[in-house]
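Worksheet: one structure, shown below.
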Amino acid sequence: MDKIIKSIAQSGAFRAYVLDSTETVALAQEKHNTLSSSTVALGRTLIANQILAANQKGDSKITVKVIGDSSFGHIISVADTKGHVKGYIQNTGVDIKKTATGEVLVGPFMGNGHFVTIIDYGTGNPYTSTTPLITGEIGEDFAYYLTESEQTPSAIGLNVLLDENDKVKVAGGFMVQVLPGASEEEIARYEKRLQEMPAISHLLASKNHVDALLEAIYGDEPYKRLSEEPLSFQCDCSRERFEAALMTLPKADLQAMIDEDKGAEIVCQFCGTKYQFNESDLEALINDKA
């Protein structure tokens, strides 16, 4: 089961979140049938949103949009504060690797664009923030958002490793933040440790990558685990929700679906589930609108 572990240095100088998101990203790949680069880009976005959602309180809903002008198009993710996330990528078929190393490429195919967050607190006044994409690698873009919009300098690591068949092998990440009151000496020690950390891909390849991430972040510094919470890919779409959407259409449009298509099929963008509405279903909707 996927999870996020929240922890804090015993000194109170900084905190860290580490995530195992392997099942989340694997299910997203399965539902959207994404190729290598698209899988990694979508996976990183889902992990970023899992981190962002874990930082919220109450029943907030968090939307992350990574909008580029190159091959991927846009990537949309929606998460809640209960550990659920869903998402999709506009172009599922990007499959580009470095010839020499086989490394999956992401940044060069995101292009110029924006990292957009919408936090809905349920009050009717969602908070929206937009920052430019810095590298298109998503992790760096997320870190820039946290620094610029939330005024919280953060170290971020996100990645998805694929097997020889380009299926998700492991996915996860971390966030480290200095807390108010940290001394200059503590901040310097924290920065030095982060500079010396192995690459996120190396840590994820460890046998137990969650423990490997925590060890790399804290080193010999004492820390305590605050909580461990489950994470999952879960879509909240339903036939009733799409039926309500059809009810907003004019009668003429519903009648055209009956006359021309003998029904309607609606596909959820976030999870690919297909909902069929036959002629009788549409006629019932027309009668309900009468």
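Backbone N, Cα and C define each Cβ position, glycine as well.
Here is what Swiss-Prot records for this protein:
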type	residues	note
DISULFID	Cys235-Cys237	disulfide bond
DISULFID	Cys268-Cys271	disulfide bond
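Sequence features annotated in Swiss-Prot and their locations in the structure.
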residue: Cys235; record: disulfide bond; Cβ within 10 Å: 19
residue: Cys237; record: disulfide bond; Cβ within 10 Å: 17
residue: Cys268; record: disulfide bond; Cβ within 10 Å: 18
residue: Cys271; record: disulfide bond; Cβ within 10 Å: 18
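Each residue contributes its Cα atom, and for Cys237 (disulfide bond) and Cys268 (disulfide bond) those atoms are 7 Å apart. Across the fold, the C-alpha of Cys271 (disulfide bond) and the C-alpha of Cys235 (disulfide bond) stand 6 Å from each other. Distance from the CA of Cys268 (disulfide bond) to the CA of Cys235 (disulfide bond) is 9 Å.
In three-state terms derived from DSSP, Cys237 (disulfide bond) belongs to neither a helical nor a strand segment and is classed as coil.
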